[in-house]
Amino acid sequence: MGNTNGYLPLFETKSSGRPFLIKLYVLTIFVAICMIWVYRVRYLPVEGVLERWAWIGMFFAELWFSIYWFITHLVRWNPICRYTFKDRLSQRFEKDLPGVDIFVCTADAEMEPPIMVINTVLSMMAYDYPPEKLSVYLSDDGVSELTFYAMLEASRFSKYWLPFCKQFNVEPRSPEAYFHSEPLDDHVNDKEWLFIKKLYGDMRNRIEVTSKQGQVSEDIRKEHKGFSEWDFVSSRHDHQTIVQILIDGRDPLAMDSEAQRLPTLVYLSREKRPQYPHNFKAGAMNALIRVSSRISNGPIIMNVDCDMYSNNSNSIRDALCFFMDEEKGHEIGYIQFPQSMKNVTKNDLYGNSLKVIFKMEFPGIDANGGPMYIGTGCFHRRVNLCERKHCNEHEADWKRESDMKIEGNARDVEEECKALASCAYEENTQWGKEVGLMYGYLMEDGMTGFSIRCRGWRSVYFDPERKAFLGLAPTTLLQTLVQQERWSKGELQILLSRRGPFFDGYKSLPLRLLLSYCVYFLWAANCFPTLYYVVVPSLCMLRGISLFPKASSPWFQAFAYAILADRAYGLVEFLWCDGTFQGWWNDQRIWMFKRTTSYLVGFCDTILTMLGFTNPAFVVTAKVSSADCCKRYEQEIMEFGVPSPLFDILATLALLNMFCLIGGIRMVMSDVENKVSDVLASQIVLSGLIVLINLPVYQGLFFRKDSGSIPNPVTLKSLIASLLACSIALL
């Protein structure tokens, strides 16, 4: 539609840039950083090979930190906020709203319990949106009969849950979340509330009993034809395509308890064979794109992880305010919502809330050109996932697309869809290359989003006042570090790929946006300067080698100001993002942990993979933990529990700094006349801060006796490695 004199936009963008005094404050930190560079160059040691090389290493580490600091503040310099006008959307397009296909992905019924999966599915079905234009698809890469049974139960329960949600305007619309967190609302009828709660409780009980048994009983198998498909399943890695339309939204008999239409609900488990690569989540998403094109073919696609339920029933309408805006909507390829977590502790023990990233960095990246696709909570145009490049003349005909009908009865459509989700379908095609989500990348979502941007589409970040989605954060340190390792590997792989910013990106995207993405592309590379700062100053302190200016020197003030001012700014920023002081301190701890372990392993593994020595693997983050583990998590006690190379590195660095700190303090106390404290003050403080931040590690090594402590083999290996490093430093 063209612009008119009476045109009112469906969304607006406002600058929420930093106040002038804040920008001035940041510039003073930059001046201090420049003075540090001058000091490093001017006072390069002339004598001593070890001293000179240690000094040069410090210079390059600080140079890296400075460049990364500059890029980070460039991203956050002038953030923007977006606001939608859903009332205008309804006035103009209520009868012409497009079909929306929602994809929910699961891969393991043990790590992602069926009851959690169907709560996400039910919340998606209950959106405030015309049900005849809404289709929900579940991709089950674990081909679990238990998950299918849970979906069958959800399809029955939805007949009561959906009218209840709409009648009483329920939020959130995940039944588990609603009944767990919300008391009986004043406007909700007591009998209705108790009736629905009992229905849900009975369904939950049936699903959990069946899940504990590990198989579906013969009586249940007789309830639906779909269970017969599992008679031909050899294993989760060797089976045929299973497509079951549990609710056919086109069927006039598909009604809820109030005689209103129900959304379409589809279960899909794509074919897998040992001789064919299945391409992890990207393969599942591409199968969903093809299958949905035959069943509903909605022009808008939204995907979420199976643990991320809808927390805002208006999210679809929010997204459509961007897509359907007559003036700017045709430019937008996808809308990314933040990834918010519901189970984060008060002080965010593992730093999983990503508060600053989603409240400060993503609005800044949006201002610089648009966010990357993070794999969940994202609305796409179907066309941008199906190869079409953006052109200024392209505008969606929403009325025509809303009137499109898909023909065929459910049984015939299911049979046709089996071929679309078969292993052989993608052979000798552009799927995974130019069409759909891209294959061969650990962060297939990030690479796909980057490719969409390079094809000319814009992206938008939208963070509504009420969170659109709520998911589950890792509840152990190892889960957190492994997740960070996977993310860092994926981002580095994009950076170094032939379709990344160095090869394709610079031709299509502005430099400012590419630098914004580098905040994440360079995650893994941060491991080396951080490791250098954690290890080398402490070891040099044992030999009496000073790597910083004396405490009495004017140059010391530059270091002190740059570090303290930057950390103070970070603290204020964290508190502004609704964090706590203890939460900020925990965030600093995890910042160091992931840089010295996850990013190091991620960097090395990425290089080895690119050289052909290892193969990439997608690790599903567990969504369940033991009762003892959950209890410690709620008490904010750090969980170790199992041996891991990541813990070997973590414990070794913690013990190394503890031994070096003890050695440094002994030197100061035994040589007061030579004012060693003045010379080594900075290194003693640095080592002391590292020891302080590692207190939970020492507790896990020596003081805790519960199952969440650090295992004895890890303790032994880290003691030997740290003592050996200190001994070599003293030679």
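Quick reminder: no glycine exception, Cβ is built from N, Cα and C everywhere.
All TrEMBL annotations are machine predictions without curation.
Of the candidate ranges 113-134, 597-618, TrEMBL annotates residues 597-618 with the feature transmembrane segment. Comparison of 53-71, 514-535, 555-576 by number of C-beta pairs under 8 angstroms to the transmembrane segment (20-41) places 555-576 first. The two recorded residues D445 (active site) and E112 (UDP-alpha-D-glucose binding site) have their Cα atoms spaced 20 Å from each other. Taking the C-alpha positions, the distance from E112 (UDP-alpha-D-glucose binding site) to K281 (Mn(2+) binding site) comes to 14 Å. Beyond the ends of the transmembrane segment (597-618), by six or more residues, the same chain brings 280-281, 440, 442, 481-482, 484-489, 492-493, 496, 523-528, 530-531, 645-646, 649-650 to within a C-beta distance below 8 angstroms of the stretch. It is 13 Å from the Cα atom of D141 (UDP-alpha-D-glucose binding site) to that of D305 (Mn(2+) binding site). Residues 533-534, 537-538, 540-541, 544, 546-551, 556, 559, 585, 588-589, 592, 638, 650-651, 653-654, 657-658, 660-661, 664-665, 667-668, 710 of the same chain, all 6+ positions outside the transmembrane segment (680-698), place their C-beta atoms under 8 angstroms from a C-beta of that stretch. Stretch with the largest number of CB pairs closer than 8 A to the transmembrane segment (649-668), among 53-71, 514-535, 555-576: 514-535.
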